[in-house]
């Protein structure tokens with residue numbers, strides 16, 4: 001068993017060896033290294049063919065037409081292109097956008113930028129289980145609303161939104177619906193023929209593909225128009241200029257094909273390991289799961305251990321590669337804004353750990369994790385005066401702390 005045990009699959013996944021092997025064939029002189037836009041020789045034609053195959057593989061993952069797939073550098077770029085692209089193209093129609101407080105920073109900061117440009121953004125509060133109620137979304141809609149951007153699966157707590165219902169509501173009101181599927185593509189079935197979603201952001205490195213590659217699904221019927229954010233040679237039907245990175249695109253395509261073929265078996269195995277982990281630690285006193293337990297992606301478990309400081313817990317769990325929130329904001333010592341939006345107080349938000357399990361996690365690793373967590377919590381609480389006060393029956397919310 002390799003230490004530390006990797007339990008941070010929501011931050012990134014290792015590239016599947018089958019994907020890596022395929023990618024190597026598209027880099028060197030011995031392989032297919034040409035520019036897919038070179039139309040005058042075989043090197044270019046072969047590269048273009050490889051890109052076409054990968055485009056089809058990504059399209060098949062979500063049951064789309066291959067012409068609806070635009071390759072980007074990742075979900076952050078896809079989110080920027082979708083949100084800014086719609087806002088700038090449709091701004092004559094309206095300048096109001098709806099999103100939620102628990103979105104990824106790539107959506108929230110893009111919306112903040114649009115606010116600086118004169119757009120108005122409504123940030124919806126989720127329920128305590130992390131889910132946005134439909135009536136709250138509907139109540140926020142206005143005549144000048146042009147876009148709703150709600151993630152499919154939350155990156156910190158793993159809850160799944162009812163994107164079918166959101167899509168129906170948006171379509172009935174003539175509002176464009178963008179869905180950030182970085183955490184769900186390749187893990188949950190997505191079918192654009194049945195779900196009325198107009199734009200979908202996809203990330204390669206969240207589904208055992210390489211980093212630095214992603215895609216944006218852009219619906220053709222009814223047709224969604226975007227204003228390009230990256231200008232140049234007019235690649236990707238003018239929506240995203242820049243030489244296509246054949247080896248990374250091939251990697252994304254292969255990862256999508258594997259995910260589609262193995263999704264059901266992967267999910268069943270991962271859910272079993274996730275349940276084993278939760279059943280192994282839920283007996284620890286004052287331990288709570290964050291987010292809805294039924295509407296949840298199989299590999300995710302966000303747990304708060306009351307009266308334990310999150311950072312000290314992370315240090316105590318040095319054999320486990322876990323995080324206390326999203327990797328993109330884990331460098332800051334602020335409590336997770338996602339957990340705060342769920343109504344957790346700072347202490348509970350600070351004492352939370354995100355465990356995310358994936359394709360290469362083993363049962364032996366979960367056993368070791370349970371043992372490590374149990375021992376670490378016991379040790380840290382032994383040293384905690386707050387735990388002692390709690391055990392003595394003192395209500396810590398009523399304590400008047402002296403400020404020096």
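Just so you know, glycine gets a Cβ as well, placed from its N, Cα and C.
What Swiss-Prot records for the pyridoxal 5'-phosphate site is 75, 76, 155, 203, 204, 205, 243, and among 46, 57, 183 the residue it adds there is 183. Taking the Cβ of residue 75 (pyridoxal 5'-phosphate binding site) as reference, residues of its chain lying under 8 Å away and at least six apart in sequence are, in sequence order, 104, 106, 180, 181, 182, 201, 202, 203, 206, 214. Once the Cα atoms of 75, 76, 155, 183, 203, 204, 205, 243, the listed binders of pyridoxal 5'-phosphate, are compared pairwise, the greatest separation found is 30 Å.
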